[in-house]
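Asker: The structure is given below, and queries will be raised subsequently.
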Amino acid sequence: LHPSPLLSKPDLSSPEHEKEQESQENGRLVADSVAEKGQKSCSGPGQVSNGYPSTSPQSPREGPGAGMDRGSTPGAFRTLVVQQTSLDPPRETWSKKMDFLLSVIGYAVDLGNVWRFPYICYQNGGGAFLLPYLLMAVFGGVPLFYMELALGQFHRSGCISIWKHICPIFKGIGFAICIIALYIAFYYNTIMAWALYYLLSSFRATLPWTTCNNQWNTPNCTRYLSTDLNVSWTDNSISPAQEFYIRQVLQVHLSPGLHQLGWVSWQLALCLLFIFTVVYFSIWKGVKTSGKVVWVTATFPYLVLLILLIRGATLPGAWRGVVFYLKPDWGKLLTTTVWLDAAAQIFFSLGPGFGVLLAFASYNPFHNNCYKDALITSSVNCLTSFLSGFVIFTVLGYMAEMRQQGVETVAKDAGPSLLFIIYAEAIANMPAATFFAIIFFLMIIMLGLDSTFAGLEGVITAMLDEFPHLLARRREWFVLGLVCVCYLGALSTLTYGGAFVVKLFEEYATGPAVITVVFLEVIAVSWFYGTTRFCNDVQLMLGFAPGVFWRVCWVAICPCFLLFIIGSFLAFPPEVKLFNYLYPFWTTVLGYCIGFSSFICVPSYMVYHLVTTKGTFKQRLLKSITPEASGSSGPQRDTIVITNAV
């Protein structure tokens, strides 16, 4: 922007002082012109109601009354392009639209799409499961996904500071989300450390989980390949892949349970250190750097999935796995468990409520079409889950054919064991096993990395927006401190009993808490902030308002959808078991306490806000549920900066 002579520093003893008076006169003229437009929600083409400038520049024809002064020179006119703005530095934005889309897809498509969806699908009726899954996606998951993208893009704030614009008393939701994100970082990255250990072990001609003559093997180890015709598989047989995972990578046999975790595995500690180093240098500069990294981490898994799908489809017995995966059992639709699993799967797959979608969308241009983005990214996520089922079950059918067992017997493992035992063993039996092992475990790491980028970026954006004067110029140091905290918190998952800790965090510490938090978020936006006001915000951004379907979903269907999950979880708490270890009752209590430690932020902040707000109780309550206008105080409203003058 070229400075105008009107903005030059005045000298009271020179003719420039007259120019200052002229600029003040023009400023008053502009202010009067803005005032004449009435106190509307949209105060002009260059300004939108939430206090942020529009992305499109104002042309002279858009507001002639606001920028012309014909009184000084006959037959001539001057145009002032004015913009109300903040004295704070402009908010960072994505370099390209594709950076944003790949970041959201990379966040939504994670390890759960590869191992959790195929397992839940065949467990709940195969092809019949797709019906409740799609219904839960259409009426629950996608509306929540769309709502968070729209909220983040309109208010341009992280998950903490955004609440002053929605419903201030619910600000504790933002702090709860940040704590939940930390808990997830404590255990989620450990799974990538396991994958890195496998990756480093794959750079050899004979993969170490294919033989039974290693120091970690037991007499029950049975090497059973398609070429070993003289070897029979019994109920006591243990595959070398299972022993490598349990006894060498995890070393879980050295820990009796959660009451005695044992020492930290130095190999896994180094692997996790490398993972967090990559994470730090990918996100330390903001979305400008992470937006470039996801071009690799979000696209490479699709290439590998395609290669593995083609390879799996050519294996003998692959058709058995596909039939088992998709054969519908319509009778299971009458059970509550199927609908609960469908709701939980779509919720945790799309990932609303973790503060990530709010953070990513806040870096978008104001008029970006987040409605189309929500539909594209959620569709890609669901299709990826469906595709992953074929990738997994073609290989499981091959394993069943090789062992001469049923697919249900081979596929009894769920979660990480499905990848690190069953799939790893299947890869070892393929020609060019080393190549397939390397790309497969690289894919696992990539799937986890971009989800970690997103989770931590949600926390970083929230804290930088809440404490800008303290942290805005110290982002690199804050990110370093956050990564160090996550690494130290993850040390318990690197012990000999670390797999038990991972399972505890996954089942109890994060799931119920985040669902409850999202339920409160929907209530706050739909009922307190108001669906009408929210739809007006969306119309201001996109040019069209959400239809009746979206309004009904936000007001009624989504809260019921989330209440259904919460109620089912409380009524039927899962029986947690890992390998042969059945979690005792005190571990369940411990898990709920960890989950409650994050949720306690919500009622605690409500009490704090009511106590610290001035006035009678009724005045405090009204002020607590009344959103603050963006930029209603401070320089954002009071300062008129003339950015250009012609």
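Placed from the backbone N, Cα and C atoms, the Cβ positions cover glycine too.
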Asker: Name the residue from Cys178, Cys221 that TrEMBL records as disulfide-bonded to Cys212.
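Answerer: TrEMBL lists the disulfide between Cys212 and Cys221.
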Asker: Could you check whether the transmembrane segment (375-400) and the transmembrane segment (584-611) come into contact, where contact means at least 3 Cβ pairs under 8 Å with the two residues of each pair 6 or more apart in sequence?
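Answerer: Stretch pair does not touch.
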Asker: At the level of the C-alpha atoms, what whole-angstrom distance separates Ser349 (Na(+) binding site) and Cys221 (disulfide bond)?
Answerer: 36
Asker: Within the chain of Cys221 (disulfide bond), which residues six or more apart in sequence place their C-beta under 8 angstroms from its C-beta?
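Answerer: Long-range Cβ contacts: Cys212, Ile238, Ser239, Pro240, Glu243.
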Asker: Report, as numbers and ranges, every residue of the chain located at least six residues beyond the transmembrane segment (584-611) whose Cβ falls under 8 Å of a Cβ in that stretch; write 'none' if there are none.
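Answerer: That would be 168-173, 175-176, 179-180, 183, 257-258, 504-505, 507-513, 516-517, 520, 573, 576, 617, 620-621, 624.
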Asker: Using a Cβ cut-off under 8 Å and a sequence separation of 6 or more, which residues in the same chain sit near Val109 (Na(+) binding site)?
Answerer: Ala298, Pro301, Val380, Asn381, Thr384, Leu447
Asker: Which residues, same chain and not among Gly106, Ala108, Val109, Asn113, Ser349, Asn381, Leu447, Asp450, Ser451, have a CB within 8 angstroms of the centroid of the CB atoms at the recorded Na(+) site?
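Answerer: Neighbours within 8 Å of the Cβ centroid, excluding Gly106, Ala108, Val109, Asn113, Ser349, Asn381, Leu447, Asp450, Ser451: Ile105, Tyr107, Asp110, Gly112, Gly351, Thr384.
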Asker: Given the recorded positions Cys212, Leu447, and counting only Cβ atoms in the protein chains shown, which has the most within 10 Å of its Cβ?
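Answerer: Most Cβ neighbours within 10 Å: Leu447.
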Asker: Given the binding-site residues Ser349, Ser451, which one's Cβ is surrounded by the fewest other Cβ atoms within 10 Å?
Answerer: Ser349
Asker: Is the transmembrane segment (263-281) packed against any residues at least 6 beyond its ends, judged by a Cβ distance under 8 Å, and which are they?
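Answerer: Counting only partners 6 or more residues beyond its ends, the transmembrane segment (263-281) has Cβ contacts under 8 Å with 189-190, 192-194, 196-197, 200, 249, 251, 289, 445, 449, 452-453, 456, 479-480, 483, 486-487, 490-491, 494-496, 498.
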